[in-house]
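**Q** Sharing a structure with you now.
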Amino acid sequence: MEDFVRQCFNPMIVELAEKAMKEYGEDPKIETNKFAAICTHLEVCFMYSDFHFIDERGESIIVESGDPNALLKHRFEIIEGRDRTMAWTVVNSICNTTGVEKPKFLPDLYDYKENRFIEIGVTRREVHIYYLEKANKIKSEKTHIHIFSFTGEEMATKADYTLDEESRARIKTRLFTIRQEMASRGLWDSFRQSERGEETIEERFEITGTMRRLADQSLPPNFSSLENFRAYVDGFKPNGCIEGKLSQMSKEVNARIEPFLRTTPRPLRLPDGPPCSQRSKFLLMDALKLSIEDPSHEGEGIPLYDAINCMKTFFGWKEPNIIKPHGKGINPNYLLTWKQVLAELQDIENEEKIPKTKNMKKTSQLKWALGENMAPEKVDFEECKDVSDLKQYDSDEPESRSLASWIQSEFNKACELTDSSWIELDEIGEDIAPIEHIASMRRNYFTAEVSHCRATEYIMKGVYINTALLNASCAAMDDFQLIPMISKCRTKEGRRKTNLYGFIIKGRSHLRNDTDVVNFVSMEFSLTDPRLEPHKWEKYCVLEIGDMLLRTAVGQVSRPMFLYVRTNGTSKIKMKWGMEMRRCLLQSLQQIESMIEAESSVKEKDMTKEFFENKSETWPIGESPKGVEEGSIGKVCRTLLAKSVFNSLYASPQLEGFSAESRKLLLIVQALRDNLEPGTFDLGGLYEAIEECLINDPWVLLNASWFNSFLTHAVK
């Protein structure tokens, strides 16, 4: 491509293009498509102005070869192709002499006949898309836009094409020739695909008042004014290559930019080790609910009353016993804890009036489970600073874990529909302005797609548990309070339903700092036999506590009911975020909106209705080993929501690091996919940064395996 550009274009144009690229730190040898695009644009600007003059009478005339003495003035001032400082100087002087409004961005030409700036566009895509992008970018009625394409189409503001037919035909013919020349050398496809949308660089904000004074005060030494400094920055000529810049910074740094090819990326290395285990604060797909429909009992809405009434709906309780002990814990204590909960609930029932909250007796099993008196005693530093061998505890490296299949199943389940609705329509907030008519239409469509989703159940369950736990932590700091895990929903028929998942007992909670930990024991009902995937339940002690009759196609069957018990902990900041899990709805709604926006801008009308109602169309959801998975728009909504919810449920430093670092690699691979010929340095360092986050977290490991699927398909 580089050779082609040097043969095909006038050397002056090539030189200007090289200068322009170096000014932005780009290398014409690497970004060859961009090099070709800049040359083409320059040539079109020059052809646009060629042979057009204004005579003594101020009339516009075309002179191809004439009397050199005629008093002619060029009709167009060429701004494109000058260095930025000079270009702005020209623009400013035109504005001062003609009174035309100063543009925010550098235009390409000025037309002395029509007295307007002109923005020229040359596009490899459809002219109307590019026209819209230009118009959106410059947002000025005054600048005239004229777009040409390589297929001979053109589009201009108000269909006013400025030039005569013949001059425009010359430009179109030249563009068509360039296209054919490229195609004959096999360069056209890559060039056509490499076009990016408009980028906004040249914004000029007028700064006045206090801000202006602050700006003047904070200039680097030797600059008298902001204009002065701006002109210096605009005119600053970097040498164009990152290598040069880096070598100025440090003697030790040497960066060679390596081309990133389809053969370059390798898959991420996932850790070996025992399979990873469940670490969410509450059970997800394995949870079991005891429910009451149309609750109307006394004290309905008071958690303890609701819980007792849910417990009464079940008749299959039996003597509990341990069927999957916890590897490290004192398992009989977990058993005694459950027995204590049952006994204390029974005591409440026997009282005349049921209290609103229940504080558990501080038995030895509860003290053990909640880590009471386990924290090492804090000693004032003053008292021990003279101790000679004072040192911090050695902490063990976390043990590596391998990806287990259960986390993908958890995710699939989170995307499914349940038979209840978990949010009302107004869960996402109300309209304020008329513009929001479209917004509320989108919101209603979106809510309809996700209101029955299991991920939405997890949101409401998370909000409830975190709110209750934070409340109790502040209101009953010293008490071992019993907190029921409750959610509310509506059945298909619109009947209200209250669900009990189990109980939490919180430990002492004198939470001064955001990160101070409150311990709690969770006890959750389930029908999942832990012996099927013992590695998933490593952190739990599981009891069998009853038998449940289930209606199936073949009649009633009895299934053992289990109780998953574990010690866990959380902090004020984690509970605060847990209480705000509804934000996941908003995040995924915004992702869907940007998809609708993209469609709408192509079709030039709002596509919300078509988007949600065209049931036949499928959309990309994600990548699996089989390739790109597609599904209905509802499935896309639910998948995006589930991702957002899992990011919240499985939030961790490993996830933060993985998301930030893998995104860099993702962008490089996408650039490769778009034939933008990306280059990298220290790719090994990037891989290291990503892989140091792959330790033992199930959600991070799953994301890494998805990333590998994406890599495989992206570089094919």
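Cβ coordinates are placed from backbone N, Cα and C, and glycine is handled just like the others.
Straight from Swiss-Prot, here's the annotation block:
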type    : residues                      : note
BINDING : His41, Asp108, Glu119, Ile120 : Mn(2+) 1 binding site
BINDING : Glu80, Asp108                 : Mn(2+) 2 binding site
MOTIF   : 124-139                       : motif 'Nuclear localization signal 1 (NLS1)'
MOTIF   : 184-247                       : motif 'Nuclear localization signal 2 (NLS2)'
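Tell me about the setting of these features in this model.
**A** The Cβ of Glu119 (Mn(2+) 1 binding site) lies under 8 Å from the Cβ of Phe105, Pro107, Asp108, Lys134, Ile138, Thr143, His144, Ile145, His146, each on the same chain and at least six residues away in sequence.
DSSP assigns Glu80 (Mn(2+) 2 binding site) to coil in the three-state reduction, placing it in neither a helix nor a strand. Spatially close to Glu80 (Mn(2+) 2 binding site) yet at least six residues away along the chain are His41, Leu42, Cys45, Ala87, Leu106, Asp108, Leu109, Ile120, judged by Cβ distances under 8 angstroms.
Panel annotation: around the motif 'Nuclear localization signal 1 (NLS1)' (124-139), residues 103-105, 145, 147-150, 153-155, 191-192, 195, 197-198, 200, 601-602, 604 of the same chain, lying at least six beyond its termini, place a Cβ under 8 Å from a Cβ of the stretch.
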**Q** Specify the count of other C-beta atoms within 10 Å of the C-beta of Asp108 (Mn(2+) 1 binding site).
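**A** The Cβ of Asp108 (Mn(2+) 1 binding site) has 23 Cβ neighbours within 10 Å.
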**Q** DSSP on Glu119 (Mn(2+) 1 binding site), three-state: which is it?
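**A** Glu119 (Mn(2+) 1 binding site) sits in a strand per DSSP.
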**Q** Mind checking how the motif 'Nuclear localization signal 1 (NLS1)' (124-139) divides into helix, strand and coil residues in DSSP?
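**A** Summed by class, the stretch gives 12 helix, 0 strand, 4 coil.
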**Q** Specify the secondary structure state of His41 (Mn(2+) 1 binding site) as given by DSSP, simplified to three classes.
**A** helix
**Q** Starting from the Cβ of Ile120 (Mn(2+) 1 binding site), draw a 10 Å sphere and report how many other Cβ atoms land inside it.
**A** 22
**Q** Please give me the CB contact count at 10 A for His41 (Mn(2+) 1 binding site), counting all chains in the structure.
**A** 20
**Q** Write out, in the order they occur in the sequence, the residues of the chain not among His41, Asp108, Glu119, Ile120 that have a C-beta within 8 Å of the mean position of the C-beta atoms of the recorded Mn(2+) 1 site.
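**A** Apart from the listed residues, the neighbours are Val44, Cys45, Glu80, Pro107, Leu109, Ile118, Gly121, Val122, His146.
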